[in-house]
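A short worksheet on the structure shown next.
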Amino acid sequence: MAKKARQRISYVLELPNSSPGGHRLGVNGLAVDRDNAILYSGGRDGIVCAWDVHPDCIAPTSSHSAVVDTSSSRANARPKQTTRFRSQTHPHTHWINDLALAQQHSAVVSASSDLLVKVWRPHGSDAKEPATIGQHADYVKCVATPSQSTNWVASGGLDRKIYLWDLSGAGKRLEIDVSGEEVREKGSVYALAVNHSILASGGPESVVRLWDPKTGKRITKFVGHTDNIRAILVNSSGDMVMTASSDQTVKVWSVTAGRCMHTLTMHNDSVWSLFAEDPELGVFYSSDRSGLVVKTDVRGTLGDLDDGLSLAVAQEHDGVSKVVACGNSLWTATSRSSINRWQSLDTSADIQLPGGFRPQKASVVSTRSRESTFQSGSPMPAGSPTPKREIPAKSILRISNTASFPRALSRDGAESVATHTRKGSEIITDPAVSVVEPIHHLPEETIEGQFGLVKHRLLNDRRRVLTLDTAGDVVLWDLIKCKPIKSFGKRHLEDVEPEVNTLEAVAPWCSIDTSSGNLTVVLEPFNCFDAEAYADELTLEEPVEFREDQRINLGKWILRYLFANLIDEEIRRDEAHRHKLNEVSQQRAAVGRVNPGLSISIPPPPGGIDSQVATPRANGSRFPPATPGFAIGLATPGSPMWPGAEAVGTPLSPLDRFSSQVSNKPSAERVDYFSDDINSPDADTNKTAQTPAPVAESRPSEDKAGKTSTENGKEKDKEKDKDKEVKSPTFGKKFRMNMSFGGKKLGRSASVAVADKPVVVDEKAEESESSSNHEKEFADSFHGVIQKIHNEYEKQLTENPDMVVETRICPSLPNDTPVLKLPKGTKVIIQEETSGGSAELYRGTVESVGADVDIIEQKGPQWLGEVLLLNAIPPKDPVKVSFVLYPWQDTLPAITVADGNNRLNANRMLRVKKILAYVAERIDPPADPENPDPDAMKPEEYLELYCNEQLLPNTMSLATLRAHVWKGGNDIVLHYKANGKKEILFPSAPSPSGTDGGQRQSQESPSQAGTAAGQGQIGQAVAAAA
């Protein structure tokens, strides 16, 4: 079975005072529905908004719109609000790059950097969420539709592909590979236009390519631009293509002639957008990076576009990424969250131009005649005032370098003839008309946006983050509780950070993304379980009783309550499933039982505890979990750590958790309280962490039976050999049958040869069983975890049909992951990694994940199911930190071993007080470790630890110590010192050498050395002291 791509979990925190209506970041896409008077906008926040536009704003242009009122009262008048918020949807998790209307304006198609193409139907009776109709392998930059009657759209992206998608959800209709001929990477599609006969695309290759939308075959290509092509228009007949480029030009291409017919140069910056209502492109709008919006009218020029008219309509403060027009209004989208509406101009024959800028008479007559046929609006009523003002001379742009119109004016107002006698492409730079002055200085209306996040700073504890929004406000957030903590108002982020930051070093477990204006937390499976926090350092909503130095895994903690409703639903389904299995089992037993007994003896569960079958509740607490901890072991340079120092544990079932807590007294045989292992579903529950004492690790010690450790080792070796004979795989059995060994093993092989022969006969059965088990594969998804659990139920019924099937779902309990009350609207997203980014597989909320359990089972990753249902996180070796311990100025006994190696290592989360306990165990062991004095002073009360001559807090971890105090890559050098509250004696026969003193202490106090060797771990010493 093919392995799935890596999947991640993201959650989006709700912004304070958030309400629908308006974008939080810049706007990239605009589309106008004239029939329903609706403006649609798509923003970088991933939101599509619908706005009700006043009918007067989209009325057809008439002669009165050419009136330019330049009075100061008009310029300073506050525009009247005529646009109202209608509705919105949040279809994407990344920037929306383009919008298109389809199917008689009933479908809004959006292209996004989250790799998806979605369709939203806002007019449907059941307003459903946007549906995904297509997916690219990289950012989707543009989308286009041939007409309102077709049932498909085309999209292009950075994956160098053009797709035709069915709007009804049938998937891909056609795929076109547009990889660059010379440089493949330059084949990205930034612009797209399509009609029924041709499809035009352009991008960084600076080449316009034409394709057949029916077959996907290339028709031709146009070469002429020198920079990225940003926008394309195609006329209705398909014989003319207009392109805008970052080379500051707009080119008009003839499909029949196969070449560029005109190059328009009215812009002095990169041209970003083109728009035309006229199907023959006689009137079109263009915008550039400097914020200039231009209207160009080439009607009646009889193919000579140099006789056209270009007017600077408006000037934005930022680059205009999109411009659309309808009737006598046009809208502009910029990097700001607001949308501006400007009054358009009527460029018909009645337009009032300065005398020196009037076009030729033939063009005026032709324009007037076509204006009467093109404009379908009703004429102005008779008797209405038609005041006309002249268009400012500085608002008229030179349409191209070869245009003879407009003629430049001299300073005294006389017409200059220099324009007619210039050479080639010489550009006239008369200072009197060199500065462009737009016709409109203020928009008619501004559709205000909201404030979005633009900057963040993750603090050292990696549980809090500072954010800065577009309004300049700084807010502190809690990533675990998913809510803001405090607002600092309008301040610099760098000034607030030192006030709230702490001296900590926590492993990276999440990444923060504010590219969509929201606070998004991303959890990756390879590191989301690396960070831990001590329970006594957390501020919890409900009091919970924890064990000493218990740690909380941050990734598991937040996932537990993001999907709390999902866990509840899975538990309910598991109960129903087991109920059916138990009913069937009881029915089979009743049918097969001829003389039923009066009672049935059920064997007790493992551990000797008789408990009822109970289903764990997602928010209930019944059994306290065991908390992994630490062990300090020897760190020999160049050699791996003894494998027994770390053990890999498995998540405990409720019954195991209960049995592990029954005997809570300190014992040398119990599992180490400070084992720094990570729970794994495949780990062995019987492994224990055991660290030998550094001083007496090589000394044989007498056990309770009077045997030395060497004899015990021999007996253990014999037991291991017996286990190998019984439990060895098939290959091992066949290998031993054909080989002989010398020594004692030879005689043993001969003695058991007869016993091994019948076992060989059963090997085929064993092989068939194992092969049948391997044939059963489970889905590499969340559902695969459910399948494994159900398979275990079936195995139990097969092996023990009379036993009641107990639940195997064991989510983490409140004393392992304290209860969190997350906001219900917190968004939960499952994404899959692709070559071009991350594709969305599922999106819901904390409240809706329970209802979406079927979708999550199919789309969710397997590791998520194991964490939520089995309380098992992926196994990973803990990070260790090496250090050495020395007494402060030889005021205390030294800690050394026989070989003189005093280099130690421990988990990076080990606290200073545990190191002090380790020191106390070596230099000041208790007189009776089995019965410690409850009133005895704790090691941290009479010992101190120093690094770089700095006193270390008892709660500081090794990771924090290395990052903020030691600040180096070598072994940390630590010095321990007594504070005078307790007298610590040197060995009875002190020696100038610390090593000799340590050896003499071991020789003169064999009982104490044996005790230390028997314990060998800080956790046991602390448990004994407790």
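Our numbering is plain: 1 for the first residue shown, then up by one each step along the chain.
From the backbone N, Cα and C atoms, a Cβ is placed for every residue, glycine too.
These come from TrEMBL:
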- 20-53: repeat 'WD' (REPEAT)
- 89-120: repeat 'WD' (REPEAT)
- 133-168: repeat 'WD' (REPEAT)
- 195-221: repeat 'WD' (REPEAT)
- 222-263: repeat 'WD' (REPEAT)
- 356-392: region 'Disordered' (REGION)
- 363-378: compositional bias 'Polar residues' (COMPBIAS)
- 595-620: region 'Disordered' (REGION)
- 642-731: region 'Disordered' (REGION)
- 682-691: compositional bias 'Polar residues' (COMPBIAS)
- 699-727: compositional bias 'Basic and acidic residues' (COMPBIAS)
- 984-1026: region 'Disordered' (REGION)
- 991-1007: compositional bias 'Polar residues' (COMPBIAS)
- 1008-1026: compositional bias 'Low complexity' (COMPBIAS)
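Confidence annotation: the repeat 'WD' (222-263) carries a mean pLDDT of 95 in the model. Secondary structure of the repeat 'WD' (89-120) per DSSP (helix as H, G, I; strand as E, B; remaining residues coil): 0 helix, 19 strand, 13 coil.
Secondary structure counts, DSSP: the repeat 'WD' (20-53) has 0 helix, 18 strand, 16 coil. Helix, strand and coil residue tallies for the repeat 'WD' (222-263), in that order: 0 helix, 24 strand, 18 coil [DSSP].
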